[in-house]
Amino acid sequence: MTVINHTLGFPRVGLRRELKKAQESYWAGQSTREDLLAVGRELRARHWDQQKQAGIDLLPVGDFAWYDHVLTTSLLLGNVPARHQNKDGSVDIDTLFRLGRGRAPTGEPAAAAEMTKWFNTNYHYMVPEFVKGQQFKLTWTQLLDEVDEALALGHNIKPVLLGPVTYLWLGKVKGEQFDRLSLLNDILPVYQQVLAELAKRGVEWVQIDEPALVLELPQEWLDAFKPAYDALTGQTKLLLTTYFEGVTPNLDTITALPVQGLHVDLVHGKDEVAELNKRLPSDWLLSAGLVNGRNVWRADLTEKYAQIKDIVGKRDVWVASSCSLLHSPIDLSVETRLDAEVKSWFAFALQKCEELALLRDALNSGDTAKLVEWSAPIQARRHSTRVHNAAVEKRLAAITAKDSQRENAYEVRAEAQRARFNLPAWPTTTIGSFPQTTEIRGLRLDFKKGNLDANNYRTGIAEHIKQAIIEQERLGLDVLVHGEAERNDMVEYFGEHLDGFVFTQNGWVQSYGSRCVKPPVVIGDVSRPEAITVEWAKYAQSLTDKPVKGMLTGPVTILCWSFPREDVTRETIAKQIALALRDEVADLEAAGIGIIQIDEPALREGLPLRRSDWDAYLQWGVEAFRINAAVAKNDTQIHTHMCYCEFNDIMDSIAALDADVITIETSRSDMELLESFEEFDYPNEIGPGVYDIHSPNVPSVEWIEALLAKAAQRIPAERLWVNPDCGLKTRGWPETRAALANMVKAAQNLRQG
């Protein structure tokens, strides 16, 4: 029983974000479809070779996606909404991009598919849409084509396929309501066809991802797995693959399935090994997800070895990443600016492949010397002064209930704020960022590289802020923002100004489509050495008589969108960040900034996957926000922003944030999300997003008015704000001006009745 290793998936974007650049070039009409496809082929070949060279035995195929892997599965199944379909029913890469970006085959605007977070990660997927009587057929052969590519290159492969039950679980019914699980028998023939094609190609194992099996699923969904897999068994060996949590609660369902192996995330389900070995059928292979695919930390391989060694020899064992390495940067070796101590604590995707090779070799030989050597920096980190700050720990320990309470209740604050700002009905604002032009990015890059001195950099940024204020005043917006020209990323910017964070040069991970982020890494206790945003906010406010919002990223979002420490709880990190940003709120207020937005778009995505674990998380998540905000006086208006959220099941917690105004993403869901606020009788003010900033489409005045009228049926008009769904950083100025002009006009029309 020789141990082999494999990965569940590998980053797609390329070390230099080649995929992003190729996508955006194609979308802009600057390159051909063949140019784009060639980049994809080159990246796949390179990534297979890199994994092989790093010691991986069984390579994943089908983990590559042009936008996201759920959208790829939708095309595989022929699930294309009517508004995006070609007249002849054909499917091509442009169909895929239309679904992701919002466009009809004619070139006319058509709503993009709804986008939401992939389980509790910072990766997004396009939500499958289901209609009654829907037909499915194999229409997009990307997986089969890529299998052919890999086989032609001589690789030992394992195709990756999103499983049918999870696919249905992730989708939404559109139009007439029905049970989407009823579509299972309709999609299974397509899966059977795909598996048959893979078997024809000599494929032995298929990794079939069913991460829904780590959730607390309704019984009817659990019951669906057995008939589904009865239909799929027999053509290839199936590795049923789960991740992001352990599987013990659903083991009875799992062990009844006719599959040949099970992959389990043993990072999150680290205590499950003995139970798995006891309850899995003896002829099943166990794929042990020992190396964390979601972080940047070097693994303690001595600990991982001890975790699995007792069952090696008792059943077939593979060692693997806990989940796809999609969520990790690609290669630590190109990071030349990290100091040696910190760098020794990290492992990116390729280094995680090396870890899997070391584990495999040690488990097969019994020789752990190399594991001990690899793990030495982990032991040293536990005592590093880079990690521990006594002053931060003391301040955190001294927090009391009073620290998370505003001076007065919302009703009292609202009166003070109305007197201070005297805003019109249907007040208009934006979420914070304005287009990051080539000029702005060049300015920041030149400054970072030392090609521009501080004075010239500041002069350049000040000019862009001034222009943003002029644009907003010309458009007639009521509450302005400074535009965030100085910020590269809403989390990275704050991390750069807080102690306890470090940054990479090339630590990019995919967020959605062509969007990549470079998360900061929390390596130690967090504190704020000096004010971060005050100077630019104060400057922007000096340019106008209208209120300018101070813009902060909230503590939970900074936590969720960073790579966190593993040696303390997430609660500890969030509250340390909250205390640092509390000082920023106080400084903004002292500088005359009367409206302060604390963005928490990640509050919901941070939820544990199992509902039974939610309360504890929400309690400390809300407390962190309140610690951050509660220092504000009554007449300082605290805003927060959330996107990609289902709110109905966390409304108590959203209300408990006690923000004076919440702006939310609603346009893609056609204001459906407001149902939650209506049913809860949410007491504070709400800005439902009136257009989708992820699409280049410019909404008409009538479209916006219709959405706002729909919102006013659910929320009293006197408590409604008018704003886009999200920040405008990724948009161009022409479409931004046009969309905001229509938004302001719609608000003015509503004021006039």
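Glycine is no exception: its Cβ is also placed from the backbone N, Cα and C atoms.
The structure displayed is predicted, hence computed values, not measured ones.
What Swiss-Prot says about this protein:
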ACT_SITE  His694  active site, proton donor
BINDING   Arg17, Glu18, Leu19, Lys20, Lys117, Arg515, Cys516, Trp561, Glu605  5-methyltetrahydropteroyltri-L-glutamate binding site
BINDING   Ile431, Gly432, Ser433, Glu484, Asp599  L-homocysteine binding site
BINDING   Ile431, Gly432, Ser433, Glu484, Asp599  L-methionine binding site
BINDING   His641, Cys643, Glu665, Cys726  Zn(2+) binding site
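Features per Swiss-Prot, on structure.
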residue: Arg17; record: 5-methyltetrahydropteroyltri-L-glutamate binding site; DSSP class: coil
residue: Ser433; record: L-homocysteine binding site; DSSP class: strand
residue: Glu484; record: L-homocysteine binding site; DSSP class: coil
residue: Cys516; record: 5-methyltetrahydropteroyltri-L-glutamate binding site; DSSP class: strand
residue: Asp599; record: L-homocysteine binding site; DSSP class: strand
residue: Cys643; record: Zn(2+) binding site; DSSP class: coil
residue: Glu665; record: Zn(2+) binding site; DSSP class: coil
residue: His694; record: active site, proton donor; DSSP class: coil
residue: Cys726; record: Zn(2+) binding site; DSSP class: coil
Proximal but sequence-remote residues of the same chain as Ile431 (L-homocysteine binding site) (Cβ under 8 Å, at least 6 apart): Val481, Gln597, Asp599, His641, Thr663, Gly689, Asn723, Pro724, Asp725, Cys726, Gly727, Leu728
Cβ-based isolation winner (fewest other Cβ atoms within 10 Å) among the recorded positions Arg17, Lys117, His641, His694: Arg17
Lys117 (5-methyltetrahydropteroyltri-L-glutamate binding site) in three-state DSSP notation: strand
Whole-number Å value for how far Gly432 (L-homocysteine binding site) lies from Lys117 (5-methyltetrahydropteroyltri-L-glutamate binding site) (Cα to Cα): 21
Set of same-chain residues at least 6 away whose C-beta sits under 8 angstroms from Ser433 (L-homocysteine binding site): Val481, Gly483, Glu484, Arg487, Met490, Gly727, Leu728, Lys729
Cβ-Cβ distance under 8 Å to Gly432 (L-homocysteine binding site), same chain, at least six residues away: Val481, Glu484, Met490, Lys549, Met551, Gln597, Asp599, His641, Gly727
8 Å Cβ shell about Ile431, Gly432, Ser433, Glu484, Asp599 centroid, L-methionine site members excluded: Thr430, Val481, Met490, Met551, Gln597, His641, Cys726, Gly727, Lys729
Alpha-carbon spacing, Arg17 (5-methyltetrahydropteroyltri-L-glutamate binding site) to His694 (active site, proton donor), which is rounded to whole Å: 20
Candidates Cys643, Glu665, His694 (recorded positions) - the one closest to Glu605 (5-methyltetrahydropteroyltri-L-glutamate binding site) by CA: Cys643
Among Cys516, Cys643, Cys726, the one of these binding-site residues whose Cβ has the fewest neighbouring Cβ atoms within 10 Å: Cys516
Max CA-CA distance, Å, over listed L-homocysteine-binding residues Ile431, Gly432, Ser433, Glu484, Asp599: 14
Cα-to-Cα gap, Glu665 (Zn(2+) binding site) vs Leu19 (5-methyltetrahydropteroyltri-L-glutamate binding site), nearest whole Å: 27
Set of same-chain residues at least 6 away whose C-beta sits under 8 angstroms from Leu19 (5-methyltetrahydropteroyltri-L-glutamate binding site): Arg12, Val13, Val39, Gly40, Leu43, Ser514
Spatial separation of the residue listed as 'active site, proton donor' from Cys516 (5-methyltetrahydropteroyltri-L-glutamate binding site) - C-alpha basis, Å: 14
Inter-residue C-alpha distance, Cys643 (Zn(2+) binding site) and His694 (active site, proton donor) (nearest angstrom): 12
Cβ neighbour count (within 10 Å, all chains shown) around Glu665 (Zn(2+) binding site): 25
